[in-house]
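What Swiss-Prot annotates here:
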- Gly2: N-acetylglycine (MOD_RES)
- Thr3: phosphothreonine (MOD_RES)
- 20-61: repeat 'PFTB 1' (REPEAT)
- 68-109: repeat 'PFTB 2' (REPEAT)
- 116-157: repeat 'PFTB 3' (REPEAT)
- 164-205: repeat 'PFTB 4' (REPEAT)
- His190, Ala191, Gly192, Tyr241, Ser242, Trp243, Trp244: geranylgeranyl diphosphate binding site (BINDING)
- 212-253: repeat 'PFTB 5' (REPEAT)
- Asp238, Cys240, His290: Zn(2+) binding site (BINDING)
- 260-302: repeat 'PFTB 6' (REPEAT)
Amino acid sequence: MGTQQKDVTIKSDAPDTLLLEKHADYIASYGSKKDDYEYCMSEYLRMSGVYWGLTVMDLMGQLHRMNKEEILVFIKSCQHECGGVSASIGHDPHLLYTLSAVQILTLYDSIHVINVDKVVAYVQSLQKEDGSFAGDIWGEIDTRFSFCAVATLALLGKLDAINVEKAIEFVLSCMNFDGGFGCRPGSESHAGQIYCCTGFLAITSQLHQVNSDLLGWWLCERQLPSGGLNGRPEKLPDVCYSWWVLASLKIIGRLHWIDREKLRSFILACQDEETGGFADRPGDMVDPFHTLFGIAGLSLLGEEQIKPVSPVFCMPEEVLQRVNVQPELVS
């Protein structure tokens, strides 16, 4: 007998319409409660939190409700002498938060707020001889950081600052027999890493190196009877994988391989009808992270009330058109 499949049951009274205004109100009020326990405890990833909130507000056409000046001052104060950006004031710089900062500034058309040359030098300094990237000076290697590096430089128009060929070589060395990618060579395939690697290969024009049918099959197997998607076998579904899996499928031209209606129902069931926002699963606590990826997933599914989203950068397509960054996808 095989292992029993892990899944959730969606109740008959679960939300089935998009509560857009409630989500906008939830995000708009989130940053104003600066003495909340939840807000204080998320300081270590604040820069990414700001990116999640601003991006989802822009996708909903509500960016004007956020305090642009306060955010720009915050980002400027998080850039370090080395060029990298930290999650919050007084924290160490990291590639993850450097990308988030560049995404926010691109959203606001305010890249001048930081020293771009120093950002480029910082990204450059984190590339290793084998082409991989460390996330920071402490040296953890992960394909997520390869994506962060090329995404940051692509938005700045400085992709030629690194050894792109070696970077491609490293990412391809992380490809597995099932078509997926792990965090390092030999690591298990995981939907989050697959998103990073397919996004990386889209930015570097190397998607022809991917076996789209094999990878598409692995990604489609992430869909469970509830309609939700998990990140790897034997895991529960989670709204954030509505983004990582769906965006990867869009990048490799296989979005039509999953049951879109069942996924849409699962995402909508994860809304909180009282507070607004999305949770990882129906009935759980909402947060800005799952709210962005729920809304972005619905955008990829063609939700007309939401702006079209870039499957590579998780930013509004109109923003990327403005800065002329258009990675090629598999048609």
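Using the three backbone atoms N, Cα and C, a Cβ is placed for every residue, glycine included.
Structure with Swiss-Prot features highlighted.
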residue : record                                  : DSSP class
His190  : geranylgeranyl diphosphate binding site : coil
Asp238  : Zn(2+) binding site                     : coil
Trp243  : geranylgeranyl diphosphate binding site : helix
His290  : Zn(2+) binding site                     : helix
- For the binding-site residues Ala191, Cys240, the largest set of other C-beta atoms within 10 Å encircles the C-beta of Ala191
- Would the repeat 'PFTB 2' (68-109) count as touching the repeat 'PFTB 3' (116-157), i.e. at least 3 C-beta pairs under 8 angstroms with sequence separation of 6+? yes
- Can you give the mean pLDDT for the repeat 'PFTB 2' (68-109), rounded to a whole number? 98
- Query: How about the repeat 'PFTB 5' (212-253) and the repeat 'PFTB 2' (68-109): at least 3 CB pairs under 8 Å, pairs 6 or more apart in sequence, or not?
  - Reply: no
- Could you put numbers on the helix, strand and coil content of the repeat 'PFTB 6' (260-302), residue by residue per DSSP? 23 helix, 5 strand, 15 coil
- Query: In sequence order, what residues of the same chain, 6+ apart, have a Cβ less than 8 Å from the Cβ of Ser242 (geranylgeranyl diphosphate binding site)?
  - Reply: Gly228, Leu229, Leu263, Phe266, Ile267, Phe293, Gly294, Gly297, Leu298
- Message: Within the repeat 'PFTB 2' (68-109), count helix residues (DSSP H, G, I), strand residues (E, B) and coil residues, in that order.
- Response: 24 helix, 4 strand, 14 coil
- Gly192 (geranylgeranyl diphosphate binding site) to Asp238 (Zn(2+) binding site), Cα to Cα, whole Å, comes out at 12
- Message: Please give me the CB contact count at 10 A for His290 (Zn(2+) binding site), counting all chains in the structure.
- Response: 25
- Message: Using the alpha carbons only, what distance in Å do you get between Cys240 (Zn(2+) binding site) and Ala191 (geranylgeranyl diphosphate binding site) once rounded?
- Response: 10
- Message: Other than His190, Ala191, Gly192, Tyr241, Ser242, Trp243, Trp244 themselves, what residues in this chain have Cβ atoms within 8 Å of the centroid of the geranylgeranyl diphosphate site's Cβ atoms?
- Response: Ile194, Tyr195, Arg222, Leu229, Gly231, Asp238, Cys240, Val245, Ala247, Ser248
- Would you count the other C-beta atoms found within 10 angstroms of the C-beta of Asp238 (Zn(2+) binding site) for me? 24
- Max Cα distance spanning His190, Ala191, Gly192, Tyr241, Ser242, Trp243, Trp244 (geranylgeranyl diphosphate binders), Å? 14
- Across all the protein chains here, work out how many other Cβ atoms are within 10 Å of the Cβ of Gly192 (geranylgeranyl diphosphate binding site). 19
- Cβ neighbours of Trp244 (geranylgeranyl diphosphate binding site) where a neighbour is any other Cβ within 10 Å: 26
